[in-house]
There are 2 protein chains.
Amino acid sequence: MKILNLDLGDKSYPIYIGQNLLLKGELLTKYITGKQVMIVTNTTVAPLYLKKVQNLLSSFEFAQVILPDGEKYKTLGTVNYIFSTLLEKRFDRSCTLIALGGGVVGDMTGFVAASYQRGVNFIQIPTTLLSQVDSSVGGKTGVNHMLGKNMIGAFHQPKCVLIDIDTLDTLDNQQYSSGMAEVIKYALLVEYLNFFNFLQENIKDLMNRKKSLIIKMIYQSCQHKINIVAQDELETGKRTLLNLGHTFGHAIENTLGYGTFLHGEAVSVGILMATKLSHLEGHLSSKQVAKIQDLLEKANLPISIIGKINASAFMKAMLVDKKVINGNIRLILLKRLGQAFICDNYNNHLLDQVVNEFCQ
Amino acid sequence: MKILNLDLGDKSYPIYIGQNLLLKGELLTKYITGKQVMIVTNTTVAPLYLKKVQNLLSSFEFAQVILPDGEKYKTLGTVNYIFSTLLEKRFDRSCTLIALGGGVVGDMTGFVAASYQRGVNFIQIPTTLLSQVDSSVGGKTGVNHMLGKNMIGAFHQPKCVLIDIDTLDTLDNQQYSSGMAEVIKYALLVEYLNFFNFLQENIKDLMNRKKSLIIKMIYQSCQHKINIVAQDELETGKRTLLNLGHTFGHAIENTLGYGTFLHGEAVSVGILMATKLSHLEGHLSSKQVAKIQDLLEKANLPISIIGKINASAFMKAMLVDKKVINGNIRLILLKRLGQAFICDNYNNHLLDQVVNEFCQ
């Protein structure tokens, strides 16, 4: 088992990464304060892992909420359903919530934990690659609004993150690829751990789910993430870099409707759009663009939305994003492979050109 | 004009108290970051003060939301309506929300500000006595759930609080009395500023709305509040004292339905219930109980719920409260006049006796 620590002063917490962690009760229970525990999970994950985690919690007053599976249920309505259950079960401020599932379950459970009685404890047990490398770490919580993705939420850090990579055994290939998009994102952002080369060299074995490599990949992804979050918890600066590909990606998800593209699939296209714009802006070489595209393709990720969205709908959706400041769309671009930067003075014609190329 | 400062490190902010403040644009605008401002108010306050405040904001991109008036609209549904308006107007993370109204408007606007795009700035302009002496200061935000009052929310501090006491000119007597309940609460909690005597001596003039005395009363109430909040922003200790009468009061509001009793009216009965239990527990003398009851009555506040709620419904509602920890109802009681304490080892039979006396 490997352990990382996200250093946020009195909100610091550990991230455990390894196999068989869902069999180790003490890892989980030492982060539970109070007597009441509720697991929030979904209909896909519950039959696989709910009983296993529940078995670790025999000494607590236990409750569970099983949600329908999918990004389209990440709404204020679902959050209110969880509030109702907490209140019906008389859960008080000393309770602990456990998010058992992917990013949707984690984001919603975290937001409920942030808002229930003005804040209770929660623990993340991510079961998808995407949530293990990205969304379970860093305290971003929230839900979607009909008019924009993740528009309602809070920063609320978990007490610990428990990443049992054995849960990936039951993850289908499309979901696994979706997680790979966020992994590849880290490799592009900063030069650290020689991560891009590691991914290039091992992409075949990683897609074949070689566990020793998966642990290394998740560990290094989380290292990338905590390095950035520790410097900028509330995303007033450097953390924005983690949104590489996301403003484009959110526009895809918003326009097509949640669920048509998985989050990571939309981010994959978004990364490539940011990459191409970076190239047109005179930063990345076309060779580097090709290398990035090649890696995304080898991870079985989509690289185009041609025929799916028209350019004007896409641009309109881009404008509803948390990176829009005073009407300007702030984008994350790449100076080169391994050096992302926040850009709000790109050439709008070049942005149009990229959007038209991808949306024709 | 008087100024107080709530000291919370980098979340510190000023509280301005005086007359004609809604005519002074610079007081407001210097706390607005970004270009977009939205005023949230209600149908009662809008015709009186919306235009006045809007006039101060001519240099900003302006939007407004006018909500129906009343505690029963303090819901996640109303909050979602505000989110929708913000998104329709393309308000971004740099926007500022202004709460113009009483406690309900302030609590909801604050919660929207806490949750919109994971947090934006907001300013409180309280227009009722209750919100001027209590709810606008300290960063408690939130909404009610069908199963419990203020069960959903966040701690989110405003950038400033602007208390123009001229807005009380349009406040009806029942609402004014409701605010007095929270004022009297401060006088019972701690011995500070000789506040109980001040209220006793001046209750007649205060009820006759003598402005110089009102300013003094609001200033001293806010002093009480900020002294406590500065020591315990997140209510892990001393801030709990501010809930004197509120566990009882919330049970009244929950049982009767929001709006039957105003919040301060429910708190008034709650204060007297806490006072009587304190007496039965051997703390307060019956003379002190009588003094407190007398002051509440002179403020035209209710002191009984006889015939309105039965005892078992009341006890059930008490159990759904944020002060319930591991099944125990934690109450604020009085050692003596001017010394409140957190109590969870009171005699349950005596609590029953008080509830039965008030609910017969």
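Yeah, the Cβs are placed from backbone N, Cα and C, and that goes for glycine too.
Positions annotated as NAD(+) binding site by TrEMBL: B:69-74, B:103-107, B:127-128, B:LYS140, B:LYS149, B:167-170. Under the heading Zn(2+) binding site, TrEMBL lists B:GLU182, B:HIS246, B:HIS263. What TrEMBL lists as domain '3-dehydroquinate synthase N-terminal' is B:65-177. Under the heading domain '3-dehydroquinate synthase C-terminal', TrEMBL lists B:179-324.
Ranking the binding-site residues B:THR128, B:THR167, B:THR170 by how many other Cβ atoms lie within 10 angstroms of each Cβ puts B:THR170 at the bottom. Between the listed binding-site residues, namely B:LYS72, B:HIS246, B:HIS263, the fewest other CB atoms within 10 angstroms of a CB are found at B:LYS72. Note: the domain '3-dehydroquinate synthase N-terminal' (B:65-177) comprises 47 helix, 34 strand, 32 coil (DSSP; helix = H, G, I, strand = E, B). Using a 10 Å radius centred on the Cβ of B:ASP69 (NAD(+) binding site) and all shown protein chains, the other Cβ atoms total 18. The residues near the Zn(2+) site, meaning same-chain residues not in B:GLU182, B:HIS246, B:HIS263 whose C-beta sits within 8 angstroms of the mean position of the site's C-beta atoms, are B:LEU130, B:ASP134, B:ALA181, B:LYS185, B:GLY245, B:GLY249, B:GLY264, B:ALA266, B:VAL267, B:GLY270, in sequence order.
Counting in whole angstrom, B:ASP69 (NAD(+) binding site) lies 22 from B:HIS246 (Zn(2+) binding site) by their C-alpha atoms. For the binding-site residues listed here (B:GLY103, B:GLY106), the lowest count of other CB atoms within 10 A around the CB belongs to B:GLY103. The predicted model assigns the domain '3-dehydroquinate synthase C-terminal' (B:179-324) a mean pLDDT of 94. The domain '3-dehydroquinate synthase C-terminal' (B:179-324): residue composition by secondary structure is 101 helix, 2 strand, 43 coil, according to DSSP.
With respect to their backbone Cα atoms, B:LYS72 (NAD(+) binding site) and B:HIS246 (Zn(2+) binding site) stand 18 Å from each other.
A 10 Å cutoff on Cβ-Cβ distances gives B:GLU182 (Zn(2+) binding site) a total of 28 other Cβ atoms nearby, all chains included. Separation of the C-alpha atoms of B:THR167 (NAD(+) binding site) and B:GLU182 (Zn(2+) binding site): 18 Å, rounded to the nearest whole number. Straight-line distance linking the Cα atoms of B:GLU182 (Zn(2+) binding site) and B:GLY103 (NAD(+) binding site), rounded to a whole number, equals 12 Å.
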